[in-house]
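Heads up: the structure comes next, in structure tokens.
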Amino acid sequence: MIEIKNVSHTFAIGKKGKEKKVPVLKDLSFGIARGEIVSIVGKSGSGKSTLLNTIAGFMAPEQGSIVVNGQETASMNEVTHAQFRLENFGFIFQNFQLMPGLTALENVELPLKIKGIPSAKRKVKVKELLQQVGLENVSDHYPNELSGGQQQRVSIARALVTNPPILLADEPTGSLDSETEQDILLLIQSLNKALNLTFVIITHDEEVANIAHRKFRMHDGELVKEVL
Amino acid sequence: MLFKDQVDFVRQHLKKNRLRVFTTILATTMGCAFLIVLASIGFGLQGSMERGILTDQTVTEIEVYGDPQKKIDVDAIRKMDNVRAVVEKTNAQLSANVKFEERTNSVPVNMTDFDNEEKIGSKLSEGRLPQNSDEIVVGYHFAENLLSKAELKEQEKLYEESAENDTTSTKQAKKLGYKESLVGKTISVKLQDYDNDKAINKELTFKVVGVSEKPAKDWLIKNTILFSHELKGEFYNIYKASVKDSKNIKAEKDMFYPEIKVHATNLEAVKGVIAKLKDKGLSVYSVTEQLDDINVIFLAFKVGLIFVGTIAVLIASIGIFNTMTMAVTERTREIGVMKAIGASPKLIQRLFLMESAWIGILGTAIAIVISYGISFLSNWLLPIIIDMATDSKQFQEADIVFSHIPWQLILVASAISIGVALLSGWRPARKATKIDVIQALRQEL
Ligand SMILES: Nc1ncnc2c1ncn2[C@@H]1O[C@H](COP(=O)(O)OP(=O)(O)OP(=O)(O)O)[C@@H](O)[C@H]1O
Ligand SMILES: [Mg+2]
């Protein structure tokens, strides 16, 4: 599903002219299969988010190839990659990243709107998903009228609404208490089973990392497989 | 994204910042209305002037002047395309001293081909056109200038008084002159050479068969007699016989000046006819040429006004630029999320351009309505105000249009202000597409 080969990236840090070169990703190569949950743990600043951002296409790695769903994405231009993301990825963020001006329902609807799906079709799909994440009775609440856990459910529903095969999650439970965290983890596991979805989860929480089928540890830009 | 959803999206954002959007639209409206109203003055005054010219004179009439030494080939002109008729009037260097009952009048001798007058449909206020050379047409004001001795004195007195009072517009308190119709009456005429202070003693008699039409301009006095051009030879012989010293006799061509007026079939044909006449080496005068000159001047004037107005629109555009830049900055995180989810940069750009276009369109639409209002009010109120200040009724009677808004002006002004709105929204929209997803997502809520 995702094939990463020899991906390297270096950041230039500090003032222009006096910048320091910091290698963040060092010649990474690994693959993720369809329906697999992969977790990546590591110290803060070890490069976890940077890796996920290159997979997501938010940034291009300096070197290496990333093949997602059979397509080389590392060299795609912005417009093509935007379309590719719309089709292939769902995103779950640490701070949910919901639109404050839109209700829960409208937030979930947004990717379908961007995709150009007509309103009637959208409504059916959105209803179904809100039911699936257990939010049908708060669908007309605005994000600031929802709890953290509810907000994360909305964002998961939004990630799923376009039926992408892959979900990318950067610290999905980072802003939640441990009880809510459990709810979300259970939801992720059940979605993985029910829809055969592929998950890439970045976390510094070992408990979260342990729901994965495979677990990697990022260390100084290098990836080490850990036994579960 | 479906167009309908794009519109919804834009509307939602505009609603969120109602006050800011309102003030920006207000600025755009003011700029655009300023542009339209300013330029409408150019259109209004031009229209007033054109109308003034066109109602005063015959538009299809072209005056032709040639080399005085050569005879103009009138028949050739008559045969040209789009020429309805050619009227050849002759102004003689003679005046006609008229006597009728106990009244006298002195008028210049004008001669014409009445057959032709018939053909171009010359209108008379009374009677008919002459059919032979014994018959004449008198000018509209001829009768009222046909004065008895007592009336002559009275008129002199009136002139003196009006000179003292310095009121040029004083009208004759009592209408002088012959009050009944002259048609069918016979008058006697003695010719007088302009260079001589005594009339030639030979008395001629003519029958008045028509009175000419009332002139278009109120101040034009038509105190004339139109004789048949067949009398040219006879009049010249009378003149020649009266001069004692044969050295002083004027040649016939110096005695009669031709005045040729070409009538084109319609207004559109005038230009073509003028060009052909000029090709023949003739000088021409036509109201339309005067109009052309005025149009050029007014075009420059209008372009100048639109230019000044555009500056106002540009100032308003700074407002749009600021509003859109702020909108983009405020929404950085949301734009980041949209891009992350898969909105293409093109879509983001379009959404922001639509927002500034909407501000431009709404501002322009309101401006158009307001401009028509201002235009209407100024045409109605300005004459009243000016007349009040000058204590007269001239402007209200003159039917002067100060401001006129033709659809072309609306088109140009809309294009300018919507175009400027789009241009000023362009950079903020570009900025929105350049937003980095990672940076945007890092922003705190
Ligand atoms: N845009 C950037 N420009 C320069 N350096 C950057 C940039 N983004 C990240 N870095 C550097 O790259 C390194 C890795 O950052 P990254 O965000 O991937 O860490 P992380 O593993 O996700 O940490 P955390 O667990 O705290 O989220 C850090 O040292 C950071 O300073
Ligand atoms: Mg991180």
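Numbers run from 1 along the shown chain.
Even glycines carry a Cβ here, placed using N, Cα and C.
Taken from TrEMBL, the feature transmembrane segment applies to B:21-45 (among others). Here the transmembrane segment (B:21-45) has Cβ contacts under 8 Å with residues 14, 298, 301-302, 305-306, 308-310, 312-317, 319-320, 322-323, 359-360, 362-364, 366-368, 370-371, 374-375, 379, 401-406, 409-410, 412-414, 416-417, 421 of the same chain, all six or more residues outside its ends.
Annotated domain 'MacB-like periplasmic core' per TrEMBL: B:22-215, in sequence order.
What TrEMBL records for B:296-321 (among others) is transmembrane segment.
Residues or ranges marked as domain 'ABC3 transporter permease C-terminal' in TrEMBL: B:306-436.
Among the features that TrEMBL reports, transmembrane segment is placed at B:357-385 (among others).
What TrEMBL records for B:405-426 (among others) is transmembrane segment. Here the transmembrane segment (B:405-426) has long-range neighbours at 28, 31-32, 35-36, 39-40, 43, 306, 309-310, 313-314, 316-318, 320-321, 324, 352-353, 355-357, 359-361, 363-364, 367-368, 371-372, 375, meaning same-chain residues at least 6 beyond its ends whose C-beta is under 8 angstroms from one of its own.
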Residues in the domain 'ABC3 transporter permease C-terminal' (B:306-436) per DSSP class, helix first, strand next, coil last, are 114 helix, 0 strand, 17 coil
For the domain 'MacB-like periplasmic core' (B:22-215), mean pLDDT (0 to 100)
83
